[in-house]
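Listed in Swiss-Prot:
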BINDING   Arg67, Ser68, Gly69, Asn80, Leu84, Ile85, Asp86  substrate binding site
Amino acid sequence: MDPVRVAIQRLAHCFALPTCAHPGDAGLDLFAAHAVPLSIAPGRFTRVPTGIALGLPAGYMAFVQPRSGLAARHGISVLNTPGLIDCGYRGEIQVLLINHGEVPVVVSRGDRIAQLVVLPVPQVQFVEVSTLESSERQTGSFGSSGY
């Protein structure tokens, strides 16, 4: 598979460009790019700059997703998971981090704070119908597959 070329702009306060921790990883680590450490109190959230802007090609989008290690160790997640970046957005990528833990968490410049996943976007054409075809699941929703 050929790599997708994504334009990236390093802003003045950028710490590092997104990187994959391991070959073949789907998510690229995003780094905090603020000048002073930020403390996130339990139950609170804050916006963390990454110091980068993207030029996603037409037909692509990106998700900003939590890092599992931050969630497991500190209760830190991305508030609007997943954060959606459309191909036309050219501003700085910022991450809304929320502290679901019980103690304040300090985020410092250079910390890996989230993951960026770039995906193709299919063009959708809705076809209005009077009824939908049957399915095995039908209208089962929350908890329909068991608890």
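Indices start at 1 and increase along the chain as displayed.
Using N, Cα and C of the backbone, Cβ positions are placed for all residues, glycine too.
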Largest separation between Cα atoms (Å) of residues that the record links to substrate, namely Arg67, Ser68, Gly69, Asn80, Leu84, Ile85, Asp86: 26
Fewest Cβ neighbours within 10 Å, where candidates are the binding-site residues Leu84, Ile85: Leu84
DSSP state at Ser68 (substrate binding site), helix/strand/coil: helix
Around the Cβ of Ser68 (substrate binding site), the count of other Cβ atoms that are within 10 Å: 11
Cβ neighbour count (within 10 Å, all chains shown) around Arg67 (substrate binding site): 21
